[in-house]
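Participant: To start, I am sharing the structure in question, which I have written as structure tokens.
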Amino acid sequence: MPREDRATWKSNYFLKIIQLLDDYPKCFIVGADNVGSKQMQQIRMSLRGKAVVLMGKNTMMRKAIRGHLENNPALEKLLPHIRGNVGFVFTKEDLTEIRDMLLANKVPAAARAGAIAPCEVTVPAQNTGLGPEKTSFFQALGITTKISRGTIEILSDVQLIKTGDKVGASEATLLNMLNISPFSFGLIIQQVFDNGSIYSPEVLDITEQALHTRFLEGVRNVASVCLQIGYPTVASVPHSIINGYKRVLALSVETDYTFPLAEKVKAFLADPSAFAAAAPVAAATTAAPAAAAAPAKVEAKEESEESDEDMGFGLFD
């Protein structure tokens with residue numbers, strides 16, 4: 001009987017994962033190292049209505065996906081990434097929103113001896129509140145200290161653990177004494193599967209502005225290379241036309257050859273003072289209507305004031 005129950009459970013699991021893969025076009029492959037059952041329950045509750053979390057044995061997940069490749073060949077891209085303690089988070093919502101919800105459900109954790117550090121740990125300069133008898137403990141870790149008012153004070157920030165290092169017993173003890181919980185554990189997104197495409201989670205950080213900036217940089221680079229090698233493209237042709245016009249204009253100035261657009265430049269070079277004299281005249285012409293309008297406004301104002309005064313005297317006569 002237990003074997004039949006186990007077989008039924010496996011069959012239901014296969015049906016569930018296949019149904020989720022069919023119903024949801026997007027999912028995360030997430031790492032679940034150091035995530036306890038209580039934290040997993042909290043994550044499921046926070047994602048309720050927006051995403052579905054599915055964990056399981058890697059062999060069962062691979063078997064279910066391989067059995068469904070005929071109907072959806074794109075699922076084969078998931079297989080190489082199902083290794084280690086991983087699971088799926090299926091969703092139809094915005095991937096960035098779900099990613100942020102997963103990050104919000106990380107919980108701080110104390111350093112344990114023998115654990116692999118997921119991040120760098122730095123102990124800040126501070127008064128530890130510990131007595132002088134602990135000085136040798138800090139010296140063994142290479143931390144510079146002094147005694148201040150009967151307690152140990154760390155003089156400068158100290159990088160205690162590097163990313164990927166194994167946490168030693170001394171480091172773990174020190175962090176616990178200082179009440180520092182340097183790590184945070186939760187579901188870590190390892191890969192993103194989106195409508196048949198699979199990519200790194202860093203892609204979610206790329207904004208439209210960043211894409212626009214990179215595109216413009218690419219266009220500038222293409223235009224620069226094409227100008228240097230003389231190969232015309234849509235990006236380089238406007239620059240080629242402008243550069244060509246400048247060369248023709250320079251040639252026209254140095255020779256007797258002329259054309260309508262070059263005549264004004266030649267005239268300016270021949271007599272710059274004529275253009276200098278024309279500038280104040282143009283400015284005066286523009287300013288004259290404005291100056292004429294100003295007295296008219298003053299006159300109108302004076303007339304208005306006079307009529308107001310007449311009206312006032314008439315009322316009190």
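From the backbone N, Cα and C atoms, a Cβ is placed for every residue, glycine too.
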Participant: Kindly point out the range from 150-173, 294-317 that Swiss-Prot annotates with region 'Disordered'.
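Facilitator: Among 150-173, 294-317, the range Swiss-Prot annotates as region 'Disordered' is 294-317.
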Participant: Compute the C-alpha separation of Lys264 (ubiquitin cross-link) from Tyr24 (phosphotyrosine), stating it in Å without decimals.
Facilitator: 68
Participant: Report the member of Tyr24, Thr59, Lys264 (the recorded positions) whose C-beta atom has the most other C-beta atoms within 10 angstroms.
Facilitator: Tyr24
